[in-house]
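K.L.:
I'd like to ask you about the structure that follows.
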Amino acid sequence: MAIDEDKQKAISLAIKQIDKVFGKGALVRLGDKQVEKIDAISTGSLGLDLALGIGGVPKGRIIEIYGPESSGKTTLSLHIIAECQKNGGVCAFIDAEHALDVHYAKRLGVDTENLLVSQPDTGEQALEILETITRSGGIDLVVVDSVAALTPKAEIDGDMGDQHVGLQARLMSHALRKITGVLHKMNTTLIFINQIRMKIGMMGYGSPETTTGGNALKFYASVRIDIRRIAALKQNEQHIGNRAKAKVVKNKVAPPFREAEFDIMFGEGISKEGEIIDYGVKLDIVDKSGAWLSYQDKKLGQGRENAKALLKEDKALADEITLKIKESIGSNEEIMPLPDEPLEEME
């Protein structure tokens, strides 16, 4: 539909004035601006990358990863840091919980020598550091662990029995208002790790669970990932890891509510090889005959753990099967459901 010529002139004049005051590009016609593809940082999990729809977590956005204790929240975040560093990214870890295991991070592939780490005393200090490094323009990814540990200064300075209603929620709301635009401008990804709490006096319908830090983060986050431990992995009666399910409960860059399941092995993190086998079997790329798993004419091993061990050693073969899986799923990146039952017994 054609726009009136007088209106066009008025709009053009207004755009010029806005450009003078706020800088070029402050207001643009969408048709004049090329729509850029959303860049992403891999999560280190094939299934979760597919579930997110763009191959990982989006750059320049706020991400929330939440779930119960020992569900894999920090492990997933450390994998994202490792993937970002592999592509030359600079990463920071704001350890508000003062609980970062450097040796574990290194085993997950994190370049700990070049990882920026802060262990702030208060929530205000943590968020000031976050804002400063983001505004520098030199950082690609920041992880805050965790929202629950961002304790307001007034609460730290007060007595144990003092009531500080809504202080943390106001702190988060204020910080997110300030930093959202900066993150987009600097193309910096911000990941908040969060814990869950039970709603007091919850009656009737709805989930009794909620996340800490108020409602602001729920609104500002472009992606929210709920991660849960769903089973224990055992080998010869020995507990060797956990099976985790990650659900994308909010996604502003692709369809939400997709899920992914993966193994988190103790001391190793997310098992990429396990996902390759799961998706390979589901898509008939990997053959399963009894307990034996094979790819084309090559035997991968008897049992899932043996096949995983072979793929861990043969990176070229693992990459080849991964490529076949991605091609099979297709360019629309529709997530394929995982097997209804694990390939080996779990508890």
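Yeah, the Cβs are placed from backbone N, Cα and C, and that goes for glycine too.
Got these off Swiss-Prot a minute ago, pasting:
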| type | residues | note |
| --- | --- | --- |
| BINDING | GLY67, PRO68, GLU69, SER70, SER71, GLY72, LYS73, THR74 | ATP binding site |
K.L.:
Which number gives the other C-beta atoms within 10 angstroms of the C-beta of PRO68 (ATP binding site), all protein chains shown included?
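P.N.:
PRO68 (ATP binding site) is surrounded by 14 other Cβ atoms within 10 Å.
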K.L.:
Go through SER70, SER71, THR74, the listed binding-site residues, and name the one with the sparsest Cβ surroundings, counting other Cβ atoms within 10 Å.
P.N.:
SER70
K.L.:
With a radius of 8 angstroms around the mean position of the C-beta atoms of GLY67, PRO68, GLU69, SER70, SER71, GLY72, LYS73, THR74, what other residues of the same chain does the ATP site pick up?
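P.N.:
Not counting the recorded site residues, we get ILE227, ARG228, ARG229.
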K.L.:
Non-local Cβ contacts of LYS73 (ATP binding site) (under 8 Å, 6 or more apart, same chain)?
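P.N.:
Counting only residues 6 or more apart in sequence, the Cβ neighbours of LYS73 (ATP binding site) under 8 Å are ILE65, TYR66, GLY67, SER146, ILE193, ASN194, ILE227.
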K.L.:
Helix, strand or coil by DSSP: which one applies to GLY67 (ATP binding site)?
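P.N.:
Once the DSSP labels are grouped into three classes, GLY67 (ATP binding site) ends up as strand.
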